[in-house]
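Working notes for the structure below.
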Amino acid sequence: MGLTSDEAKIIINTLGRNPTEAEWLIFEAEWSEHCSYKSSRAWIRLLPSKSPLVIRGSGLDAPIIRINNIAVTFKIESHNHPSAVDPYDGAATGVGGIVRDILTTGLRPIALLDNLHLGSLDNQRSLWLSRNIIKGISDYGNRIGVPVVGGETWFDESFNNNPIVLVTCIGAGDFKRVIWGEGKVGDLVLVVGNDTGRDGMLGSSFASRELSSSDDIGAVQVGNPLLEKLLIDALMELGERGLVKAIKDVGGGGLATALSELAHQLGLGIEVDLTNIRLRDELKPEEILVSESQERMIIVVDPSRLSYVEAVLRKYEVGFDLIGKLTNDGKFTAYYKGIKLIDLPLDLITNPPEPIRKYTEPVYLMRLRRIPPLPSVKFNEALIKVASSPNLASKEVIYTQYDYEVGVRTVIKPGRAGATVLRLLEEDGGDGKLGIAVKADSNPRYSYLNPFTGAANSLAKAYRNVASVGAKPIAAVDSINVGNPEKPDKYWYFVKTVEGLTWMGNALGIPFVGGKVSFYNEDSVTGASIKPVVAVAVLGVVNDYAKAIEGGLTGEGWLVIIGDTGPELGGSEFLHSVHGLVAGEPPEPKPLSEVKNANLVMQLINNGLAKAVMDVGVGGLAAALIKMSIIGGVGFTVDLSKAPLTQGLNDPVTVAFSETNARYIIETSNLKETVRIIEANGVPYGVLGESGGGIVQFKWGGLELASLSVDDLVSINDSLRGVI
């Protein structure tokens, strides 16, 4: 049993009796870290969550953001433990689960993003995990007709046995289509979708402890994307016709969690008969409760509309079971073949005790934060190593496995810019011009060296990416993935992460409208913990998606850097790929500069002065320029000494690879007007050089640092092809 002895005592004392076997399983599921957030909820309440655009924030399956007459929702989820045991099904069902969370709002899922944190490419098990995770996402996403339009892929040896698999889903539709979640006593409760089987048994409990072995494969769910597609279509019609009052995904914890949370959210009770549930396998009633078989949802309907609901479900060949009704007693009551199995107060089920966890900074960090003296390195050799490193290499071999254009909404495709841009259609309630941009970012090395700074920088990076295409950032969701919360030096990472997100969110004016916390990302045999993954997805609004800007050079302009560059190599890709180090203090977060510089970039884009824009992040100025060159197939000549430098910086290698925040590269054909606007905004800038031709050339004053053809650069950057 996944409950502590203290938790078991609380349950027995509150009930005044010993729970039944079925009741124990409900508590094990609902009081797990995965479902209850018992070790994190006190901290995540600190995150800023309010904005005039946020109609409903975190706490339910998915938030609601209003943009004029359009409702937009987005959410991020993790599927780490299942993907470590069965990578194909673990990743695939991660896609299915997040799509169903979006469906609970009544809005159509329109796009997916994946953030993958995978192990070393020279480790055979890690390579096997990576290939199957990517294939699982590809197969499921392609078959349900929801495009995978963007993402991020990190490689690090700490993810060899414990990959971090995150999926974000975006939904949109007319604001009038939103299903807010209502119900009254006597309303009927149905399970719709898949049959209930043995797969995913107590998966929530499995996800709330350290990984052990492949013996846990029975806790991994198995997906059916074709059924999910039918479920999407059926729920869209039910919502459009106003036949559904509330929807709840059957996810972690199975029916035990879904039914109890739904009734509690409605402020009512619920009574169900498990005898009525279709089974794929022969199951005990207790197993029916905690099975996490996929493609299942709970819907609440008015009794007078049941026949219409049944007709729609039959039309799409989606199975359904009428299992119960809402009551006024505030209890979860369940029967099986006439025997009462469950009689529990919902307030007890849904309010587990919150343990007070100790936290302390790991002693090894003091040593790691000092960068040792570095041997000298030739600029061109460093450039090639950084450009070919797995983290900066082209991810084309990954995203071309995904269908990213289905649905006719994708304006800026994967690999073309800092963020993906999607058009909102007139059927969504828009004017045919409105669009949204979205990007999710993380940096495990930053978060490992300093979780406060790492978290703040994850939000800042996603904020810059969204601004770089011309979108105004309006909201964020986060996914925090760390080790065992019972270990003070691991829980410290979580606490400092939340503090960093809170600080930066308040400073940028960005509300967090949802998120996910995943603990126990450790190998129980070795005790090794992952580098913390703090992924932040930022959503932005584009008033006219036709004005959104890609990152590829056109060869028709000057290259201008916006923002200061300082000597900030801590946690950088340069240190790791060239010197084999993860050390130093990550770049200082600069929220005031982030806001000021982002507003300037958006102004330049809206005024039609930017031909191409790329924010500066991992790999520094050199990496940003390389990306722009490869995307556009165009060369450039730049003088790095022309960048605005701070702290007496005069080393070309540091200037090229420093990862100082709040910086962008702009290509413009109207240098005079661009400079006028930049100077009017009081933002540091430098004119680095020009784009054009087929050669990439870096200089420092009159000294040539490196020169290579764009074709050679493309080959160097394509280092993952044939590997993953």
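Cβ from N, Cα, C; glycine included.
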- Message: Going by the substrate site in Swiss-Prot, where Ser78, His79, Asn80, His81, Gln221, Glu292, Ser293, Gln294, Ser518 are listed, which of the candidates Arg66, Arg100, Arg314 is also part of it?
- Response: Arg100
- Message: Quick check on the annotation: Swiss-Prot has Lys75, Asp478, Gly515 binding ATP, so which of Tyr37, Tyr446, Tyr448, Tyr545 does it put in that site too?
- Response: Tyr37
- Message: Suppose we draw a 10 Å sphere around the Cβ of Arg100 (substrate binding site). How many other Cβ atoms does it contain, all chains included?
- Response: 27
- For the ATP site given as Tyr37, Lys75, Asp478, Gly515, which other residues of the same chain have their Cβ within 8 Å of the site's Cβ centre? Ile44, Ser58, Ile76, Val477, Ser479, Ile480, Phe512, Gly514, Lys516, Val517
- Task: Reduce the DSSP letter at Glu292 (substrate binding site) to three states and note it down.
- Result: coil
- Note on the structure: One of the binding-site residues Glu77, Arg100, Gln294 has its Cα closest to the Cα of Asp478 (ATP binding site), namely Glu77
- Where Ser78 (substrate binding site) and Asp249 (Mg(2+) 2 binding site) are concerned, what is their Cα separation in Å, rounded? 15
- Item | Tyr37, Arg100, Asp249, Glu292, Gly515 screened against Glu77 (Mg(2+) 1 binding site), Cα within 10 Å - retained binding-site residues | Gly515
- Message: A 10 Å Cβ contact count, applied to the binding-site residues Glu77, Asp249, Glu292, Asp478: which residue has the minimum?
- Response: Glu77
- Please name which of the binding-site residues listed here, Arg100, Asp101, Asp249, Glu292, Gln294, is nearest in space to Lys75 (ATP binding site), Cα against Cα. Asp101
